[in-house]
Each structure stands twice: as structure tokens, then as C-alpha cells.
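Residues or ranges marked as signal peptide in Swiss-Prot (evidence: similarity to another entry): 1-25. As annotated by Swiss-Prot, substrate binding site applies to Arg35, Lys66, Arg67, Val68, Asn69, Thr70, Lys91, Arg111, with the evidence given as similarity to another entry. Residues or ranges marked as active site, proton acceptor by Swiss-Prot: His37. Marked as disulfide bond by Swiss-Prot on the basis of similarity to another entry: Cys51-Cys110, Cys65-Cys121, Cys83-Cys136, Cys90-Cys98. The feature active site, proton donor is assigned by Swiss-Prot to His145.
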Amino acid sequence: MGLEKSLILFSLLVLVLGWVQPSLGRKPSVQDFKRQHMDPDSPPNSRPTYCNQMMKRRGMTKGSCKRVNTFVHESWATVKAICSQRQMTCKTSSRNNCHKSSSPLHITDCRLKGSSKYPNCDYTTTNSQKHIIIACEGNPLVPVHYDASV
């Protein structure tokens with residue numbers, strides 16, 4: 001009887017760990033979005049080293065150089081509010097969960113220079129004000145993917 005109870009408890013433990021374990025160590029997509037694209041505390045600036053520093057600081061040059069990335073210099077509330085705009089088809093995929101900002105936002109585009117190779121990732125820094133298109137998911141909707149600038 002004791003062995004039977006132990007086997008049942010062990011089976012339940014394995015089952016519970018099977019459900020819980022995949023979510024351990026995996027960041028929610030909204031956290032990835034914030035890490036990769038949000039920089040509300042820095043105004044856009046023309047420092048040519050901005051992208052090199054930020055891409056490294058935010059972990060986008062580990063193992064390889066991320067080719068393109070955009071930082072948004074607006075509050076999280078402003079960016080999150082874009083999710084309440086009209087839904088549209090994304091520019092970079094056929095998904096239909098994208099939303100376009102109603103006004104231009106301050107952004108910095110970082111593009112890997114053609115001659116740059118890992119581990120010496122070297123980026124061009126371009127500041128502008130553009131509408132952004134983001135993918136939103138969840139309930140309530142939150143940004144999970146930066147799709148495009150227009």
C-alpha cells in the first residue's frame with residue numbers, strides 16, 4: 001500500500017513539473033519587447049556610439065550580431081496604448097495582430113554595418129520620428145513584437 005501511494009505521488013509530481021518547468025526561465029514576450037525596443041529614459045541623440053552601446057547592453061550581440069533593431073524613446077504607456085488602435089495585417093508577416101501608432105514617435109534605428117562581423121558588432125545610428133507598427137497579444141493586449149516603422 002505504501003509503495004502504491006509513493007508511485008501515485010511521484011507520478012503527480014512528474015506531471016506537475018512537466019507543466020511548470022517549460023515556463024521556468026522563459027521570459028514573457030512583453031519582457032523581450034521591453035528589453036529589445038524600449039528606451040524611454042534616453043532622448044533620441046545623434047551619438048554614433050548609441051547603437052553599439054545599447055545593442056551590447058541589451059544582449060543583442062551575444063553569439064551573433066542582430067542585423068536591425070529599433071529603440072523607442074517614449075513611455076511604456078504610450079507604446080502600450082498603440083495596442084488599442086485599429087488592428088491591421090503586419091508588414092513583416094501575414095499575421096493580423098498588428099497596430100499602427102496614431103502619431104509619429106521618437107525612435108532610433110540601429111543597422112549592422114556591412115563590414116561588421118561578430119564579435120565586433122558595429123552599428124549605424126539613425127534618429128527619426130515615425131509611426132511604428134507593433135504586434136500585440138494577450139488580454140489585455142500588450143506589445144510583443146516590433147514590426148516596422150513607417
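The backbone N, Cα and C atoms fix where each Cβ goes, and this holds for glycine too.
Ranking the recorded positions His37, Val68, Arg111 by Cα distance from Cys98 (disulfide bond) puts His37 first. All protein chains included, Cys90 (disulfide bond) registers 17 other Cβ atoms within 10 Å of its own Cβ. Of the disulfide-bonded residues Cys51, Cys65, Cys83, Cys110, Cys51 has the largest number of other Cβ atoms within 10 Å of its own Cβ.
With a 10 A radius on its CB, Val68 (substrate binding site) counts 10 other CB atoms from all the protein chains. Considering only the recorded positions Cys51, Cys90, Cys121, His145, the residue whose Cα is spatially closest to the Cα of Arg35 (substrate binding site) is His145. Compared over the recorded positions Arg35, Arg67, Lys91, Arg111, His145, the count of CB atoms lying within 10 A of a residue's CB peaks at His145. The residue listed as 'active site, proton donor' and Cys90 (disulfide bond) are 10 Å apart (CA-CA, integer value).
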